[in-house]
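Colleague: My questions all concern the structure below.
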Amino acid sequence: MIIKESKILKNILNQSWPILISQIAGISYGLLDTIMSGHTSKKDLAVVALSTSIYITIFVSLLGVINSLIPIIANNYGRKNFHEVGRYWSQGVWLSIALSIFGSILLYYPNVWFVFFKNMENEIYERVSIYLKILIFALPASLIFRTIYNLCAALSKSRMMVIVSILSIIFKAFLNLILIFGYKLIPAMGATGAAISTTIVSWITLSTGFYIIKKDKFYKKFKLSIYKPQWHKIKELLKIGLPMGGSYLVEVLTFTSMAILIANEGLIAIGGHQIIANIAGVCYIFPISLGIATSSITAQAIGSGDYITAKKSGSIGLWITIILSFIVAIIIYSNTNYIMNIYTNDEAIKYTIYNLMILLPFFHIVDSIQCFNSYLLRAYKISTLPFITQTIALGVIGLGGGWWFGFGKGIEHFKTVHFIIAPNSYIGASSLWIMSTIGLSISSFFLYILYKKHITKFT
């Protein structure tokens with residue numbers, strides 16, 4: 001059954017906003033920890049910043065593997081293989097447990113991460129170690145919850161997750177106030193309190209998610225249960241999930257490496273870069289929400305054999321992404337001064353931000369398109385080529401090219417480009433952002449060509 005374009009458009013928008021709210025909730029955790037710890041001491045803020053960067057690197061990479069559930073479950077749902085939906089979800093739970101064990105080992109032995117943070121006080125190292133060891137208890141709950149979240153997203157039933165997300169933010173803020181600052185008999189724990197609150201909220205969120213899928217009659221037909229591990233199903237999840245996790249890891253490590261390189265240009269340069277990176281991260285939740293929603297709808301259509309609707313869904317989702325990316329880019333460009341004032345009062349950092357903000361609208365547009373295209377390809381169970389493409393775009397062209405032209409032997413050749421595009425910015429920072437934008441432009445074009453070539457086989 002071929003669905004009309006207007007219905008597809010409405011369906012994509014209806015599925016995108018609950019996912020967007022959930023993405024905002026994910027960002028809010030780190031934002032709450034940063035803001036509240038910043039009101040206790042500089043050391044608490046440093047502990048939260050370092051610990052969060054390490055934890056996010058691990059969690060996001062493992063999350064990418066779990067996200068392989070979305071196209072597989074959506075495909076089986078489209079075929080009306082309801083029992084297989086429950087079977088694959090169960091294998092996703094087993095996979096998340098296995099990944100939690102792996103992630104916990106990385107969190108328990110944090111010394112491997114400390115090589116990236118030199119000249120740090122021993123007290124900070126010790127407190128970061130404690131913080132990460134507390135989060136070992138949060139990791140399984142967070143990853144298992146993502147199997148529930150992905151199940152709902154794949155079945156186009158994400159609205160209940162909005163309630164869970166909002167409640168989790170409220171609980172997180174409440175527990176942060178008590179555990180970070182102390183209340184009556186509960187002592188102030190600072191950064192450690194933030195880690196404990198994250199752990200508690202993670203388990204509350206997981207329990208709520210389980211309650212929803214057990215009580216909602218819609219999920220009865222899937223016979224959701226924890227079946228025994230089935231290697232062939234886990235292998236299928238890994239075949240799609242490992243490249244997805246690799247893509248997430250490349251993105252996180254690229255921005256981390258950019259920060260380390262730009263730190264060589266001084267505190268003002270790194271401060272400006274971090275703010276720009278934060279703004280880019282906030283903007284990124286729009287294409288990723290559209291990508292997840294469209295990917296689920298497309299995979300359902302593929303599963304039902306309706307390849308025309310699958311093609312239409314991809315095209316409509318892409319146009320929404322392009323239009324929205326231009327709107328966001330215009331908002332960024334026209335509100336630069338207002339955005340700067342939200343983030344900092346330091347005039348030197350503001351000056352740096354202003355000169356780098358010229359690049360951000362272009363970066364966001366190509367980043368949105370390549371993000372959406374990669375999710376759309378995953379609906380067709382294609383994840384390895386997007387991973388390779390993103391690695392070359394961000395790791396080789398973006399990071400490697402940015403280093404060569406901003407810090408290496410190519411700096412003399414880059415000065416003219418730097419003078420034309422971002423004349424008053426730090427050359428290292430601007431080279432990294434310019435080359436990343438070029439890399440993502442190439443990636444978005446290649447992934448689109450790959451998508452068009454692939455859907456021709458289906459239609």
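Any Cβ shown, glycine's included, is placed from N, Cα and C.
Found this in TrEMBL, in case it helps:
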- 12-32: transmembrane segment (TRANSMEM)
- 52-73: transmembrane segment (TRANSMEM)
- 93-110: transmembrane segment (TRANSMEM)
- 130-149: transmembrane segment (TRANSMEM)
- 161-183: transmembrane segment (TRANSMEM)
- 189-213: transmembrane segment (TRANSMEM)
- 240-263: transmembrane segment (TRANSMEM)
- 275-295: transmembrane segment (TRANSMEM)
- 316-333: transmembrane segment (TRANSMEM)
- 353-372: transmembrane segment (TRANSMEM)
- 384-406: transmembrane segment (TRANSMEM)
- 426-451: transmembrane segment (TRANSMEM)
Colleague: Given pairs 6 or more apart, does the transmembrane segment (353-372) have at least three Cβ pairs under 8 Å with the transmembrane segment (426-451)?
Modeller: yes
Colleague: Does the chain bring the transmembrane segment (12-32) near the transmembrane segment (240-263), so that three or more CB pairs sit under 8 Å (pairs 6 or more apart in sequence)?
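Modeller: The answer is no, given that the two segments have fewer than 3 Cβ pairs within the 8 Å cut-off.
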Colleague: Taking residues 6+ outside the transmembrane segment (240-263), which of them lie with a CB under 8 Å of any CB in it?
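Modeller: Beyond its ends, the transmembrane segment (240-263) has Cβ neighbours at 53, 56-57, 60-68, 71-72, 95, 116, 269-270, 273-274, 277, 374, 378, 381, 383-384, 386-387, 390-391, 394-395, 398-399, 402-403, 406-407, 426, 428-429, 432, 436.
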Colleague: Restricting to CB pairs under 8 Å, which listed stretch, 52-73, 316-333, 384-406, is in contact most with the transmembrane segment (275-295)?
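Modeller: So the stretch in question is 316-333.
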